Amino acid sequence: MACARPLISVYSEKGESSGKNVTLPAVFKAPIRPDIVNFVHTNLRKNNRQPYAVSELAGHQTSAESWGTGRAVARIPRVRGGGTHRSGQGAFGNMCRGGRMFAPTKTWRRWHRRVNTTQKRYAICSALAASALPALVMSKGHRIEEVPELPLVVEDKVEGYKKTKEAVLLLKKLKAWNDIKKVYASQRMRAGKGKMRNRRRIQRRGPCIIYNEDNGIIKAFRNIPGITLLNVSKLNILKLAPGGHVGRFCIWTESAFRKLDELYGTWRKAASLKSNYNLPMHKMLNTDLSRILKSPEIQRALRAPRKKIHRRVLKKNPLKNLRIMLKLNPYAKTMRRNTILRQARNHKIRMDKAAAALEAKSDQKGVQGKKPVVGNKEKKAVGDKKLKKPVVGKKAAGTKKPAAEKKPTEKKPTSEEKKAAA
């Protein structure tokens, strides 16, 4: 399949090249912006909505009044009267059976959206540019494997077709009938409540036929399922990008294809059929980044690449790792050895001094036969008891004063002795 050529072949009604060529319009090289297409499609689709609302009286067509507090029931308004189950039931509230909904819908909602004209034209240009790329068209599910060329252009004789069988034969000759068979196979019943709202059956989209003049082409193609017919002067983004997704399979008539440059212009010339409109330009004129980066102008400003690879090595502490310290300071090994020898020499000197001092002390006391014990205290003799030191501020237990002698108490004379004495 040929695509994006500067010259596009025009095919006859027999499905063969007629020998005529058409220059590819500049609009097919416009930037493809799916975000703009989706935004415009979403807003324009809202303009087809029909206002709806619930009745203003719904849920309030009863007499109800709150019972107030003190009855151990909710303070919601309750239906008055008696003699029926309805009396005493809650009313009016959105939480009540038979009550109104929360925030009842109104017909004065902002249903429609205004979209900038230039933005709508940008979206159409993007949709047309995407329709010329086989990858995008096939990603939408269109069966174009056997189509000879994209964009597909046919002679203007097709605009004079009045019979559906002529249109079917043309699609079969152009190898586009596989896309119609896909539509037939996709016809099914809608899931959900749309079945009750005149949207019972659904199907996939087929080719979009774009013409310049209607000489009967609408009647010829309109009864084929999936077909959409558009006038080139009234292109619709809702038809060119159904669902807001670019990549619709389009079949053009020759006169409609030639008119695109007049409608949308080129980058050298403004559009003649639209006032003061210029074709949108790419933000990046050359998308070949490797070619741009390797160009001599950019390479001249860049520094030479660093080809040496510096791998990150685990950093070790030289104060704990002798091997790393020796790499930094080879004299560290000699220093460490000298330190060890100096410590050993100092230790030996201290031990000799301690032994000499102990021996001199034992000689002064006249203790014979005892060898000086180096580094340990003398052991106590077995059986020697440690004398207790006198406690300061308290009298010792052995130095108690003897108790004073008590005088003999004189016996008092009894009453009988007193009588006898008298």
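The backbone N, Cα and C atoms fix where each Cβ goes, and this holds for glycine too.
For reference, Swiss-Prot has these:
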{"type": "COMPBIAS", "residues": "376-385", "note": "compositional bias 'Basic and acidic residues'"}
{"type": "COMPBIAS", "residues": "402-422", "note": "compositional bias 'Basic and acidic residues'"}
{"type": "CROSSLNK", "residues": "Lys239", "note": "SUMO2 cross-link"}
{"type": "CROSSLNK", "residues": "Lys327", "note": "SUMO2 cross-link"}
{"type": "CROSSLNK", "residues": "Lys361", "note": "SUMO1 cross-link"}
{"type": "MOD_RES", "residues": "Ala2", "note": "N-acetylalanine"}
{"type": "MOD_RES", "residues": "Lys14", "note": "N6-acetyllysine"}
{"type": "MOD_RES", "residues": "Arg97", "note": "omega-N-methylarginine"}
{"type": "MOD_RES", "residues": "Lys106", "note": "N6-acetyllysine"}
{"type": "MOD_RES", "residues": "Lys259", "note": "N6-acetyllysine"}
{"type": "MOD_RES", "residues": "Thr266", "note": "phosphothreonine"}
{"type": "MOD_RES", "residues": "Ser290", "note": "phosphoserine"}
{"type": "MOD_RES", "residues": "Ser295", "note": "phosphoserine"}
{"type": "MOD_RES", "residues": "Arg300", "note": "citrulline"}
{"type": "MOD_RES", "residues": "Lys353", "note": "N6-acetyllysine"}
{"type": "MOD_RES", "residues": "Lys361", "note": "N6-acetyllysine"}
{"type": "MOD_RES", "residues": "Ser362", "note": "phosphoserine"}
{"type": "REGION", "residues": "359-422", "note": "region 'Disordered'"}
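A map of Swiss-Prot features onto the structure.
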| residue | record | Cβ contacts under 8 Å, 6 or more apart |
| --- | --- | --- |
| Lys14 | N6-acetyllysine | Lys173 |
| Arg97 | omega-N-methylarginine | Gln89, Gly90 |
| Lys239 | SUMO2 cross-link | Cys208, Thr228, Leu230, Arg248 |
| Ser290 | phosphoserine | none |
| Ser295 | phosphoserine | none |
| Arg300 | citrulline | none |
| Lys327 | SUMO2 cross-link | Pro318 |
| Lys353 | N6-acetyllysine | none |
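When the Cα atoms are compared, the residue listed as 'phosphothreonine' and the residue listed as 'SUMO1 cross-link' turn out to be 119 Å apart.
Residue pair Lys259 (N6-acetyllysine) / the residue listed as 'SUMO1 cross-link' shows a Cα separation of 128 Å.
A straight line from the CA of Lys106 (N6-acetyllysine) to the CA of the residue listed as 'SUMO1 cross-link' spans 117 Å. Among the listed recorded positions, namely Lys106, Lys259, Lys361, the Cβ with the most fellow Cβ atoms inside 10 Å is that of Lys259.
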